[in-house]
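What follows is one structure encoded as structure tokens, with my remarks underneath.
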Protein chains: 2
Amino acid sequence: MPVFLSTTDAGFEAAFVRLLSAKREDAPDVDAAVAGIIADVRDRGDAAVIELTAKFDRLELTPTTMAFSEAEIDAECAKVFDADRAALELAAERIRAYHTRQMPEDARWTDAAGAEIGWRWGPVDAAGLYVPGGLASYPSSVLMNAIPAKVAGVGRLVICCPTPGGAVNPLVLLAARLSGVDTVYRIGGAQAIAAMAYGTATIRPVDKITGPGNAFVAAAKRRVFGRVGIDMIAGPSEILVIADKDNDPDWIALDLLSQAEHDQSAQSILVTDDAAFGQAVAAAVEERLETLDRRDIAGASWRGYGAVIVTRDLDEAAALSNRVAPEHLELCVADPDALAERITHAGAIFLGRWTPEAIGDYVGGPNHVLPTARSARFSSGLSVMDFLKRTTIAKMTPGALAAIGPAAERLAISESLEAHGLSVRVRLDQLNRDDVT
Amino acid sequence: MPVFLSTTDAGFEAAFVRLLSAKREDAPDVDAAVAGIIADVRDRGDAAVIELTAKFDRLELTPTTMAFSEAEIDAECAKVFDADRAALELAAERIRAYHTRQMPEDARWTDAAGAEIGWRWGPVDAAGLYVPGGLASYPSSVLMNAIPAKVAGVGRLVICCPTPGGAVNPLVLLAARLSGVDTVYRIGGAQAIAAMAYGTATIRPVDKITGPGNAFVAAAKRRVFGRVGIDMIAGPSEILVIADKDNDPDWIALDLLSQAEHDQSAQSILVTDDAAFGQAVAAAVEERLETLDRRDIAGASWRGYGAVIVTRDLDEAAALSNRVAPEHLELCVADPDALAERITHAGAIFLGRWTPEAIGDYVGGPNHVLPTARSARFSSGLSVMDFLKRTTIAKMTPGALAAIGPAAERLAISESLEAHGLSVRVRLDQLNRDDVT
């Protein structure tokens, strides 16, 4: 059974802290193995990638067959049902529209001292997206990673996706095509991350790597960080639903289960100001768990990490949610906008009874790659910003340097950085001479 | 002697790649020691911090004396010369004005389907800044880290700064006060990072940790990443100057030396379209190295990692600079704005002959915490964004759900995520019933 807590219980605070700090994932320590794989790929390039793919994915590749050809992609895309294609196209269009609005603006202005300062944004040259194979090979994640990169203006965009035994999900290739991906490689694991970070004879290196993966992929991303940029290392999915009693318990139960079915380490929490409603939702979850396809996974998640928390009122619910800083937050209440004003930490907020979190996974527009494990306290979901970087700009006129240069010189001297001070001083001296002549 | 290269040399490409890939820093492997320190602080809290401070900083603290009192800060600030205070105040004011312009805007709009989507930004609750002790204890870095945090709206801002033997730089405390820092702790090293990440009885935990430090601090930041957010792990400083022949060689020599004097692992590169000018700058560097206070450090950096590269023209210079992706880039040419258009990767650009990089270290306004080691290819300098996070927003009306919900359901089914699809379906069914009745 999931945890049932009430904020009026004597032991509530301790129980809530236990819930907050429960370790849900025991990632195996594969770091040494991953270090070996990366070294091997750096050393032997294509040959290492081909051998490791034969070993882990039971697939014999050559440098020529590492990437899908256009004809192969055409053939796979042709297998997709029209309704699936239309749904994917709608999702792509909405994600593109949303992320286009995220593009930040350049700025440059002249201040009172006469200095021109500002910044400008530019895309990374090349990005690589990791797409897991098998069960967790989600075409929606291809859209969510690739479209922000293209919107940002990334010049070259590649995917690495393992195809164990040669099996591929046609929807993944269609999503890649709809997103404008240039090349899709049939490789996975730490070897794919190493190849994208360091390059091989066949695979050109990229500047940024994003996308989810297993423990090997996560460890490899940590190791190549610095050589290339990476996105976050995502943990198991989470949802927190704040719901009043005027919801259909079955709707809320399904919302909770839509995270639970991802992974047995996922976490679903209901916070409600009505104890009877909380019980009704828990009963509805049990009923749905009798028939759900993924009932083993969802049931293990709900029993292991699920929780129903009863609060005195909705303000208290918001305060608890902020301590959780959930990846996904649904506000199923009469005035969700008012409640949202009280939310300080959440990856994504879904407002009102007609906004199930699953909308955000596919077609809402916002990104579904979001901060997990309470990291919404300090980090954001994936966006165009992940594929852009900012260059700051400064341009002094002689007058501006005369106005602010002496302060720079003074501070340089106070920090014992003589050359810093002199680099300003020689220019100020020239200005003084110019004035005299 | 530094490397002299010309793009017309037969061996240029190989030599340039060697320059690009030269490993300038051999950080000692302190990870095991750091893991032990972090575990000790998590385990024993204040007692561990106090013991480690006695051991590493030769300073006996109690929980009460861990933080500077207001009276102690007053007394230290009173020691600062008026001219230094005025310079620090000017710097603070300019940094604040620049970073205030960086504040991103919230957005929310209703799209054609009737869905309300958008995002909003909010600050992290608490941030901790690490400030090194001793020689590298720069008051300017306090401003550059603390002011963006305050502009972002961070609620609580603390500093950890070791004071070996009790020695403190009054300018650091004044910079902290000018920036609005709440508390300054006299602790340093991995124990300070652990205390800020996990908290002790005396030190409340923070959500984000920024600021430079030695190998122990860097290793500790890597280890607490995920528990809290961190900024980049900065490497040795770098400058690349693109200069035509119409510069005073001594000015350019001083600009190169202003990075070289930071650290013997720093790197200074001159790229010029005039070989004779390149020689003249190299000669000017040697002359300045005879008298510079930090000539040992600057000389070691220049001889070990310095370079003069002669190009056919300025376009070629820009292309080479983009391959370096330097932390600092000076464009000392007749039309720096035109040349800047060709720059795709740089942490900060300094335009024209009157903008020595040192201006940017102190009073320009832009941040001086910038991406090193070629990471300007994919990352940006410190900004208010480092202390903010974005929450995405989605709100469906019944009509919006009817318009885009079926596509979400279809994609959920294609990904074998039944509960996702059902969470949409039960709501669509309700809408259908509502229509019928």
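Cβ coordinates are placed from backbone N, Cα and C, and glycine is handled just like the others.
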Site-mate of B:S237, B:Q259, B:H262, B:D361, B:E415, B:H420 for substrate in TrEMBL, selected among B:H328, B:H345: B:H328
Recorded NAD(+) site member, picked from B:N214, B:N247, that accompanies B:Y130, B:Q191 in TrEMBL: B:N214
Cβ neighbour count (within 10 Å, all chains shown) around B:Q191 (NAD(+) binding site): 28
Binding-site residues (B:S237, B:D361, B:E415, B:H420) in Cβ proximity to chain A, threshold under 8 Å: B:D361, B:E415, B:H420
Distance from B:Q191 (NAD(+) binding site) back to B:S237 (substrate binding site), taken between C-alpha atoms, in Å: 26
Other same-chain residues whose Cβ falls within 8 Å of the Cβ centroid of B:Y130, B:Q191, B:N214, the recorded NAD(+) site, in sequence order: B:P132, B:C160, B:P162, B:G188, B:G189, B:A190, B:A192, B:I193, B:G213, B:F216, B:V217, B:A220
Binding-site residues compared (B:N214, B:S237, B:Q259) - highest count of Cβ atoms within 10 Å: B:Q259
When distances run from the Cα of B:Q191 (NAD(+) binding site) to each of the binding-site residues B:H262, B:D361, B:E415, B:H420, the nearest one: B:H262
Rounded Cα separation (Å) that holds between B:N214 (NAD(+) binding site) and B:E327 (active site, proton acceptor): 19
